[in-house]
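So the structure is just underneath, and the comments pick up after that.
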Amino acid sequence: MKEFDTIAAIATALGEGGIAIIRVSGNKALEIVNKIFRGINGKDLLDIKPYTMRYGHMIDENNEIIDEVIVSFMKGPRSFTAEDTVEINCHGGIVATNKVLQNVIKAGARLAEPGEFTKRAFLNGRIDLSQAEAVMDIITAKTELSMKSAMTQSQGRLSTEINNLRKEALDILALIEYAVDFTEDDEEPDETIPVKVKEDVITLRGKVNNLIDTADEGKLIRDGLSMVIVGKPNVGKSSLLNALLNEKRAIVTDIAGTTRDVIEEYINLDGIPVRLVDTAGIRETEDVVEKIGVEKSKEKINEADLVILMLDTSRELDEEDKEIIDYIKDRKYIVLLNKVDLDRKLSSEIVDNLENKIELSAKTGFGIDDLKSKIKDLFFNGSIDAESVMVTNTRHKEALYRASENLDGALNGLNNNEFLDLVSIYVTSALRALGEITGAELEEDLVNKIFAEFCCGK
């Protein structure tokens, strides 16, 4: 069966480096690698003890040495895949690594599909689906905070929470089944059961909704905050970008319209991954290139989680500033009153009525810390706890929404005195939606799609 043949792939990033690892997993892993291994003093791998390493050489079909290696062996089920696993530590480098992999495949292994090692760990019951997805989140984490959140999920904290919710749903279904059986036996129904079912549904729905409430914060920790810097040309947007990056990334001149395109960078904002977008100024222009930049700026504003509006305090507000303010007023924003190190000329009732204003000098760095604090206040209530259970995955959030909607349906049925067996249909649907998060209830095609998004060797 394809799922349980022996697979192999490069587990480390392909490129020049000191060491690369080829991972081989399956019940013939040791036998296959042994065919192309020659140990020092003639030792092979068939007598290697689990969780030990052996030094030697990889050889080809002509018994010529390919590379100097150290081979480790993990006996299933105490391995990542829960299968016998061999890892070949060879020299890094594209040629050497691929040569070793090619010979492993010639010896009888199959090249692994993307995510197939993690998929086997899931299919073999070592981890559930949410833990498997956390593995990829650890790999792609952009900050220590996002990695810590992914580690929490990989250790099964979210899985435990979901399994507890599923148990509560099963308890509700058992209670309904008891009541329905009671009625079918022509016995007098217990009038307290619908009341108890309603109480339990309300409690379960509350817990599901509490998890949903963590999703926005969780998504920001996992994927990052999209933040757009917007304002008139030469207001100091590029200087702010450089101040946040601590390097000269954007061109800073006194010529209006210098930033003609959208500049994007990732920064680590006290553990929060932030995708920072420095836009071209928004203004009417006849310059074709600059006009394209202005349109891109508007697109980025519409996509952003947060808009940073920069105003120049060294001059009066003009019509162009007012147009920008009007464009972003219905979005989550912070107003930066820049160039406070210069003589102040800005005075406007429109500005006075704006929220979340911060005075700063992008040139000197004054006010940057206040900006960082304000961002955390707006999105994380001033503090971030990446170790608490939270929903970071859009797929999980959608499943929780479906569970909540079905529990709403169950509650409406109970309020309308519908038959309990009809109410149970909604509760069963909620149970299945929760099961999709851990993989307890999921179609095979969707499982394959999830793992296909993983990188090779993982």
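Heads up, the Cβ atoms here are built off N, Cα and C, so glycines get one too.
A quick note: this is a predicted structure, and the numbers were derived from the prediction, not measured.
Lifted from Swiss-Prot, the feature list:
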- R23, E87, R126, K458: (6S)-5-formyl-5,6,7,8-tetrahydrofolate binding site (BINDING)
- N234, T253, I255, T258: K(+) binding site (BINDING)
- 234-239, 253-259, 278-281: GTP binding site (BINDING)
- S238, T259: Mg(2+) binding site (BINDING)
- 224-380: domain 'TrmE-type G' (DOMAIN)
* Asked: Max Cα distance spanning R23, E87, R126, K458 ((6S)-5-formyl-5,6,7,8-tetrahydrofolate binders), Å?
  -> 19
* Structure fact -> Students should find that the Cα atoms of R126 ((6S)-5-formyl-5,6,7,8-tetrahydrofolate binding site) and K237 (GTP binding site) sit apart, in Å rounded to an integer, by 49
* **Neighbouring C-beta atoms (10 Å sphere around the C-beta of S238 (Mg(2+) binding site))** => 21
* **Neighbouring C-beta atoms (10 Å sphere around the C-beta of N234 (K(+) binding site))** => 18
* Among R126, K237, K458, the most crowded of the binding-site residues [Cβ within 10 Å] -> K237
* Structure fact -> When pLDDT is averaged across the domain 'TrmE-type G' (224-380), the result is 75
* S238 (Mg(2+) binding site) versus E87 ((6S)-5-formyl-5,6,7,8-tetrahydrofolate binding site) - Cα distance in angstrom -> 48
* Asked: In whole Å, how far is K458 ((6S)-5-formyl-5,6,7,8-tetrahydrofolate binding site) from K237 (GTP binding site) when you measure between their Cα atoms?
  -> 40
* Structure fact -> For S238 (Mg(2+) binding site), the three-state DSSP class is helix
* **Rounded to the nearest Å - Cα separation of K458 ((6S)-5-formyl-5,6,7,8-tetrahydrofolate binding site) and N234 (K(+) binding site)** => 47
* **Residue pair N234 (K(+) binding site), R23 ((6S)-5-formyl-5,6,7,8-tetrahydrofolate binding site) - Cα distance, angstrom, rounded** => 53
